[in-house]
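Engineer: Got these off TrEMBL a minute ago, pasting:
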TRANSMEM  12-34  transmembrane segment
TRANSMEM  54-84  transmembrane segment
TRANSMEM  105-124  transmembrane segment
TRANSMEM  161-182  transmembrane segment
COMPBIAS  224-238  compositional bias 'Basic and acidic residues'
REGION    224-295  region 'Disordered'
COMPBIAS  242-258  compositional bias 'Low complexity'
REGION    303-322  region 'Disordered'
COMPBIAS  307-319  compositional bias 'Basic and acidic residues'
DOMAIN    436-683  domain 'FtsK'
BINDING   G453, T454, T455, G456, S457, G458, K459, S460  ATP binding site
REGION    551-601  region 'Disordered'
COMPBIAS  563-591  compositional bias 'Acidic residues'
Amino acid sequence: MANKPKRRGTWDAVIGLLFLGVALLLPVALISYHPRDIPAWVPLISTTTVSNPVMHNLCGVIGAIVAGYLYFLFGAAAYLWIIFFAGYGLAKLMIRDFSLRERAGWGFLCVLCGACLLQLQPWFLHGWEKAFRIEGPGGWVGKWVGEKAFGGPLGPVGAPVVLLLIYLVSLILATGFHPILVGRKMWNDWRKARAEAEKKRLAEMEETERMEAEQRKLAKQAEKLERQLRKKPAKGEDAPAEEPSAAPEPQAESFPEPRIFDATAPSAKKPSLADIEANRKKRSEPRPGLVGGLALENYQLPPLDLLDPHDEEGRKPADPSELLGVQNTIIDTLAQFGIKAQPGDITRGPTITRFEVYPDKGVRVDRITALERDIARATRAQRINILAPIPGKDTVGIEIANSSKVKVTLRELLETEDWLQTGAKLPLALGKDVYGKTIIADLAKMPHCLVAGTTGSGKSVCINSIIASLLFRYTPEELRFIMIDPKVVEMQTYNELPHLVTPVVTDPKKVLLALRWVVDEMEQRYQIFAKTGVRNIGAFNDRPLPKSQAELDAEAAAKGEEESPEDAPETVTEDTAAEPDAPEEDEEEEETKPISVPRDSDLIIPDRMPYIVVIIDELADLMQTAPADVESAIARITQMARAAGIHLIVATQTPRADVVTGIIKANIPSRIAFQVASGLDSRVILDQKGAEKLLGQGDMLYLPPASSQLQRSQGVLVTDDEIHRLVKFVAEQAKPKFESSIHDKLNSPTIDEEDVTDEDEELVDKVLEVMKQERRASTSLFQRRLRLGYTRAARIVDILEQRGIVGPRDGAKDREILIDLDSID
Ligand SMILES: Nc1ncnc2c1ncn2[C@@H]1O[C@H](COP(=O)(O)OP(=O)(O)OP(=O)(O)O)[C@@H](O)[C@H]1O
């Protein structure tokens, strides 16, 4: 009995070898087959009474007869027998307990189906009928089983499909090859390989970072040593020469005494009320040359007492023993896992406290990162974040949420010296970092910003504080807003602001029009810069203003000269516009009749230009309506608008790659991330993980422009009541004066795409054809060429404008064509 498996193994090898031998000889016999090799006495396949005098077949008469029968029965499918024998031969040799009996039947069925399918296909191998004198490319089986038995009842489509199914089923059963399982395995293997590659990449990155840190440390030590060596001779000549000062003692590494900073403690020095008022008054003084038809000579910037007073004294100071207790827990936990570390500084910020530790020599910082959950458990913290190392320091930072959060109010920030003394062109009070340092960004440098976070994380409050920061600094003459709020509710409060270019845009369909207006405005500003010979808004606004007629008259009178009409031109030429000393129109006249440039009559050169800040609250809603158009408009604005003084702030609560696309990200370098759901979302906003560990309610990561270092900070809090008071104060001083060009456009009824009938579509096609032939577009042209009434032609032109094919109406001129006409089929 014990011998049985052994014997079976021997027979398996014999059968396997026999099959492989057949698989080797079969192709030789089949390829060298010649019908005349078959002797006359062989039934069915003999074609001649006189066979070849010299045998062609390399496997002799037996090979010829076998090949002849295989071709006769299976046609070209005879070659499938090679796979049959080779496959089963190898399986018998290599796979233990391979059961030929279970599989061979299915293999045979596979060959039969192969023959039938070859017969039913009409394209190739039909020449074999004559060459081999057989029934068809599938042989006898193909003819009688495939064509007659299957093809007859199932028809030309049904038969191949059924046969193909049988073929696949028998192939699966013959080989034990499960396509779904194999597919799944391949997919899993691919994912595993990717994860491994990613792991390897991260490990390499960590290794390089570690090496760099090591090198920095070594460099520091070398520097320290060098300093010590340099100091020594100065102490005395008799210093013992044999002192082994060159080799640093490894155990003697000393760490600075740990200190506790409470960044939330009431600030020692506060600016006086008089300072703040003086600063505000200074900023409120009418600045020379600001026009804009808003009659704002008496405009006062809002005072800070519109904001709620912040209660610094009410803040509980940090309890040092509590903080030291937490730090000891951290050090103990690390020690339990074999990591020796020394305590470092403790900094209590508004939302989190950062505990620093100095890992001992030879400790890899990522070992500390790996203990994140254990440290969280030991300190009973809800969420912790480990900075290994803290950028620019030789310590590892463990950030733990404070039990009680300290609010960072807008008033607190606007009263700081940092704010009062800031040299930023468009300062934004964003918040305070862990060290209590105020974060004041300059929108002019940003120059565009992306704000993202889940719902309730603090985005709207952040946007409100940005708007408020600007309202506290700028008059409507100096800064204008375009607010886009598809969510409708968020920005309604601002509708009364005189700073608005147009009422808050809430209809997603009109957003594109607003963005296009911004693009036009930007282009016009560049034209004005070119005419006046300046490069950006700063230079434009700082240029000396042309003198007024009254000033010129006074000068002329002083010189005793007679005024001649030729000396006082009514318009400024291109050259004189750039010439500060050239005579100009009277300033009062200028308001009603702006300075114009004769050769380009549309170009109005204002004395000063306001900054324009475009705020989009909820990009996702816009990306749903017209993703390509919105994306390209944003890209256009962000790429060029900086010099023109146009800045974009985009907020979203959906930081997905299809909303914050690569193009949008590439053009918006500054980012503010609030809490998000996952590391993936964080990567979309910041290109790195981290935002998923934030605590919500204004806890944020700020990526300043031209930097890769994130600043964790607590966002500034401004309440709805404060915003209402602020807007009321501003709105009482001036009424909104909307730009007519954009206002009219946004108020004109849009054509709903659903209302565009088939008849309209036909006309649109015809109009496009006319445009292609004439290379121009105007309502009257279409009226004439297509014999249309005015209303009909104007409607089609409106549809074209809405689809972005032609530009807006521009007086009696032709419409601008915005597409490549050659791309029309
Ligand atoms: N800087 C902050 N300091 C303290 N609390 C804040 C701060 N920012 C936001 N909060 C709190 O979080 C709440 C939600 O903030 P906010 O309305 O800005 O969220 P959001 O991200 O805009 O949500 P949504 O997308 O749903 O509008 C606020 O009502 C406020 O209580």
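Glycine is no exception: its Cβ is also placed from the backbone N, Cα and C atoms.
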Engineer: Please indicate, using numbers and ranges, the residues of the same chain that are 6 or more beyond the transmembrane segment (105-124) and have a C-beta under 8 Å from a C-beta there.
Structural biologist: 73-77, 80-81, 84, 87-88, 136-139, 141-143, 145-147, 150-151, 156, 159-160, 163-164, 166-167, 170-171, 173-174
Engineer: Enumerate in sequence order the binding-site residues T454, G456, S457, G458, K459 whose Cβ-atom distance to ligand 1 is under 6 angstroms.
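Structural biologist: Among the binding-site residues listed, those whose Cβ sits under 6 Å from ligand 1 are G456, S457, G458, K459.
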Engineer: Determine which residues of this chain, when G453, T454, T455, G456, S457, G458, K459, S460 are set aside, have a Cβ within 8 Å of the centroid of the ATP site's Cβ atoms, and list them as they appear in the sequence.
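Structural biologist: In sequence order, the nearby non-listed residues are Q653, F674, Q675, G696.
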Engineer: What is the number of other Cβ atoms found within 10 Å of the Cβ of T454 (ATP binding site)?
Structural biologist: 20
Engineer: Per-residue pLDDT averaged over the domain 'FtsK' (436-683) comes to what?
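Structural biologist: On average, pLDDT over the domain 'FtsK' (436-683) sits at 78.
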Engineer: May I ask for the residues of the chain that lie six or more residues beyond the transmembrane segment (12-34) and have a Cβ under 8 Å from a Cβ within it?
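Structural biologist: Residues 52, 56-59, 63-64, 66-68, 70-71, 78-79, 81-82, 85-86, 88-94, 98, 100, 132.
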Engineer: Could you list the residues of the same chain, at least six apart in sequence, whose Cβ is under 8 A from the Cβ of K459 (ATP binding site)?
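Structural biologist: Within the chain, K459 (ATP binding site) has Cβ neighbours under 8 Å at V451, A452, G453, D617, A651, Q653, F674.
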Engineer: What's the most sparsely packed of the binding-site residues G453, G456, G458, counting other C-beta atoms within 10 A?
Structural biologist: G456
Engineer: Fewest other C-beta atoms within 10 angstroms of its own C-beta: which of the binding-site residues T455, S457, S460 fits that?
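Structural biologist: So among T455, S457, S460, the binding-site residues given, the one with the fewest Cβ atoms within 10 Å is T455.
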